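Input: a single structure, listed below in structure tokens.
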């Protein structure tokens, strides 16, 4: 299989358990870029954070941010951030959660929520089960998704995910998904891994992701990313 593009998550994949960018991943991604294979950042993070990571890596494939809610790539869409969905259902979910959880809502919602265009994020000082309980009785429960990224909990619009937006960005740029190698570590990475021709789980990935991957790295975090790029791309 020819790999024409790499799609990779940030937290827990190209960063370690302290959220530090792994030099090994950076080095491998730059070598792939030099060989003509671009890297796309696919993350639950805000698009500005993701784009900064893209620049630091020396990558050129663009960004899928907020679990698929936003897309950005230089020289695409007039260099404007493309918002795939609005916050209608997410805002309604926030209102419902605030009414149900009270002060617990304010204490646990992420400080970067003001920068998010399509989703809401909560620190893991609150559990997924507590948020699920808080969402009981929500009128539009079938319109939203609750993800655990390993570092935070995300309330997103069900119409999009990392996979659908990665596929859209690749199609817009003439890249066949069968020739994409996707790498991740957690629950919210499943959606974009299953769209790719080559599915890779880094060594520290959750078990269910490993079971549904074509290749499981022997190494963790960025060392796993380097391992996969050297094996399948370079």
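Heads up, the Cβ atoms here are built off N, Cα and C, so glycines get one too.
What Swiss-Prot records for this protein:
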ACT_SITE  9  active site, nucleophile
BINDING   9, 11, 185, 189  Mg(2+) binding site
BINDING   162  substrate binding site
Going by C-alpha distance, which of the recorded positions 9, 11, 185, 189 is nearest to residue 162 (substrate binding site)?
189
What's the CA-CA gap between residue 185 (Mg(2+) binding site) and residue 9 (active site, nucleophile) in angstrom, rounded?
8
Nearest-integer angstrom distance between the alpha carbons (Cα) of the residue listed as 'active site, nucleophile' and residue 189 (Mg(2+) binding site):
7
Would you mind ranking the binding-site residues 11, 185, 189 by how many other Cβ atoms sit within 10 Å of each Cβ and giving me the lowest?
11
Neighbourhood of the Mg(2+) site (9, 11, 185, 189): other residues with Cβ within 8 Å of the Cβ centroid, in order?
10, 12, 13, 43, 149, 150, 184, 186, 188, 202, 205
